[in-house]
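Before any comments, here is the structure.
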Amino acid sequence: MNRFIAFVKKEFFHILRDRRTLLILFGLPLAQVLLFGFALTNEIKNAKIAILDNDKSQHSQQITNKLLASGYFQLQENLRSNHDIERAFRKGNIKLAVVFPTGFTANYEHGRSTQIQLLADASEQNTAISLTNYATAIIRDYTAERNPNAQPPLTIDVRSRMVFNPELKGAFVFVPGVMAMVLLLVSALMTSVTIARERETGTLEVLMVSPLTQGQILLGKVVPYLLLSFVNGCIIIALGVFVLHVPLNGSLLLLLSETLLFIFLALSIGIFISSLVDTQLVAMFASLMAMLLPTIFLSGFIFPIESMPKPLQIISNIIPAKYFISIVKGIMIKGAGLQYLWQPTAVLIGMSLFFMGLSLRNLKTRLS
Amino acid sequence: MEKAVSTNALTKKFGSFIATNAITFDVAQGEIFGFLGANGAGKTTAMRMLCGLLKPTSGEASVAGFDVYRQSEKIKQNIGYMSQRFSLYEDLTVRENIRFYGGIYGLRRADIPAKTDQILQKLGIESVADSLVASLPLGWKQKLSFSVALIHEPRIVFLDEPTGGVDPITRRQFWDLIYEAAHGGTTVFVTTHYMDEAEYCHRVSIMVDGVMKALDTPAGLKTAYNVDSMDAVFQILARGTSTK
């Protein structure tokens, strides 16, 4: 046991002596969370719109006011004719145009069918869809308020409610994703580099000749990073909850345990990578390529897995972050317990054992 | 005298390549045993088998009385090892390196400070005890590396090309340390390709293409081949050229 403690202590010296390691370890998560949390958001606020009011009446004015009061829209210009619509879009400074036809109020008051035209700039298709949805909802709201008793026969009234995230906040998606990414990156990168460094300097050979067992060497490499990464995980959770206001509906204990499990998996992958490569540089690139890119693109962190082509959907099943993200979302946002999350948890445990076993074997054969 | 290392037809094959071919030799306790050979002659492979880093393909070997197949853990506790790339951590101080190796070799925590002082004093490097190893000159690193390999007072110490890249004076000083250790009863098993160093060994073996071509005292070898330097002996055996 004393041998093991001496080994772990040495690892801490390595980490604390190396400014760059420390910076990556603690600077990266902070920067990522704040960047993704604040800068990258798919919520829409103050989208610029144009109004073409051919009716200039009471109702068209009130609907316009209601749209602008919602906070989603901001009036860029009042158009005078249909020709202006195209010009305004061309200039690129409006995202949506609202057109009231002549006789709008008259038709509306007499109970005849009326129309409002919404034109959206679909060169940004997601924004266009969101904006027309918001505007439609606001206009429908207006008519409902006006005629609370009007029950047009035989119409189906669709009401949607966004459960778990009624305000459609982007941070709900990004915080679990960033957490997975940072933990995976930091843990896997750090361990793979530290073992490759021992190999490069020849000290690994000396360790293998010493009475330390292979298990002790691997564990000694893992323990310091496990602790530091766990602190990291806690910082990210705290930032998410207190700064970005992501709810924590489930059990904190479960969340922390799952985080620890995921860190252990990331470390196993790091050791696995280092058991395959010879130099720190290769270890670093391998970790980045094998971890960062698949995690960003295939974990469902940025692009929804459901809308990927079938082959990519299948590949996404081997991305550890996919399971961790669904677990974190489940716990924090849906308040789910282990009875709902045992499946992804089991996958993470299985992956950890797989990589640990493989790297133990590799390390042995490679030294021979 | 008790044997520190004993092998019988020790062989290692990598696929169809025979790295060491049925080598048989004994090393006595307290002996300085030189292991000579060109690069790729199989000396590193033989040494790795004796250190428990590599499983032999066939043959027998025991180190410090323990079998290399079944008792490699016991062997590891009784040997010291210094690789050609030293084995010190450059981002740790001298003191921290000593403490680390003392720790992993199972020295009692209370004994480590005294042991540290003893090493620092012997090498005359007390002034840099708290400097990073990276800042030390090469010769000091080598001596420190050797002392660290002996920290648990092993019965045998394996030195894999320990004097690569240093000047002859530093090399001479390094050999003083080796003599001192051997005098204290430690067996020194050293690989080298410096022929002047071969002269310092009690006995030397010369490996060529995986086969042990000669094994005797330096004086014995020179007489046998009727030349006046180890270098000439090596030329005859390894390159097949005669300087006679």
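From the backbone N, Cα and C atoms, a Cβ is placed for every residue, glycine too.
Copied over from TrEMBL:
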TRANSMEM  A:21-40  transmembrane segment
DOMAIN    A:139-366  domain 'ABC transmembrane type-2'
TRANSMEM  A:171-190  transmembrane segment
TRANSMEM  A:225-246  transmembrane segment
TRANSMEM  A:252-274  transmembrane segment
TRANSMEM  A:281-303  transmembrane segment
TRANSMEM  A:340-360  transmembrane segment
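Just going by CB pairs under 8 A, the stretch in A:21-40, A:171-190, A:225-246, A:281-303, A:340-360 that sits most against the transmembrane segment (A:252-274) is A:340-360. Among residues of the same chain six or more beyond the transmembrane segment (A:225-246), those with a C-beta under 8 A of the stretch's C-beta atoms are 15, 25-26, 29-30, 33-34, 37-38, 169, 171-172, 175, 178-179, 182-183, 186-187, 190-191, 194, 255-256, 259-260, 263-264, 266-267, 270, 332-333. Here the transmembrane segment (A:281-303) has Cβ contacts under 8 Å with residues 173-174, 176-178, 180-181, 184-185, 188-189, 192-193, 195-196, 266, 269-270, 273-274, 312, 315-316, 319, 321-322, 325-326 of the same chain, all six or more residues outside its ends.
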